[in-house]
Amino acid sequence: MSRPRYPDGPSHNWTLEEQYARCRLHEIGEKRLIQILTRHWKQDRGVLRALEEDCAVFRGLPDQGFWLLKIESVVEGVHFTKGTPFFLVGRKALARALSDLAAMGAIPRYAMVALAASPRLSLFALQRLYEGMERLAKAYRLFFVGGETVRSDALLITVSLLGHTPGYRPVLRCGARPGDSLFVTGELGGSFPTKHLVFEPRLREGQWLAQNRLARAMIDLSDGLASDLSQLARASGVSFELDFSKIPRRPGISLSQALQDGEDYELLFAVAPAKVSQLQKQWPFRTKLTCIGLCHPADPKASQTLDAFHGFDHFA
């Protein structure tokens, strides 16, 4: 198939569609790419939220709560290196998807797995990969119900999850309000070379926050605090102020690393002023909990302090 031809010359009035068609992915970045590809998608009335969230959210039958759908991929050379133990590759593939359910306070129910692998890969390697997923799934009473296998030169695992929030609403990214406090779980930065393979999805913490209606907005930190906080602020229509001295960092990690390393898979969430004390007094987990800032009314200049810190982007 030949490439489409575009008129050249200074006199041609380029449409926005034509301008983007001539761009390379590294010129527009991952988030803008998603906006372009999905701009014509329409949603059914039963869909509460979709592209703006970590998961698509569907209304269940009366008194059945909400159902959440998530798809996540890991690919060799991007999310793990050649030589990574296959057990850990499988575990990470599932854990990344579970982290997105955690960010909305959902309970994981069912999973499907698509595998793209080289015919030269050993059966033992693939068994270990699936054992990594199965071990983690068992801990959260998650059931595998199907999948797909295809041939590929690079190893690729795609996980689809169905989650549920029975009797309570999922936490969205868009609920933060001026005056809310910003909290984060765990410690940030330095996820490589080990933590990104063995992290524990904050499912129980996310479910507790949702069930007790303590988090107004929430997101998991996959691309880095600077990037993911900016996403939450845009979705909620607020700006934010961080106390950099309070950002929890892993030992030996700089502030810059804590802001932009990514793959932390901790929870970042906004809490109403009236519920901050309740959260701090009733927090039932050993997971570290830190207040790192506040939300303010929307201000285009308020988030500029994080502009120098670039989180992970697949096409940057």
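For all residues, glycine too, the Cβ spot is worked out from N, Cα and C.
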Discussion item. The Mg(2+) 3 site in TrEMBL lists D54, D220. Which one of D100, D261, D264 belongs there according to the record?
Written reply: D100
Fill in: Nearest-integer angstrom distance between the alpha carbons (Cα) of S222 (ATP binding site) and H79 (substrate binding site)
11
Worksheet item: CB neighbours of Y130 (ATP binding site) within 10 A?
Response: 20
Discussion item. Applying a 10 Å Cβ distance cut-off over all chains shown, what neighbour count does D223 (Mg(2+) 5 binding site) have?
Written reply: 23
Discussion item. Between all pairs in Y130, R173, S222 (listed as ATP binders), what's the biggest Cα distance, rounded to the nearest Å?
Written reply: 32
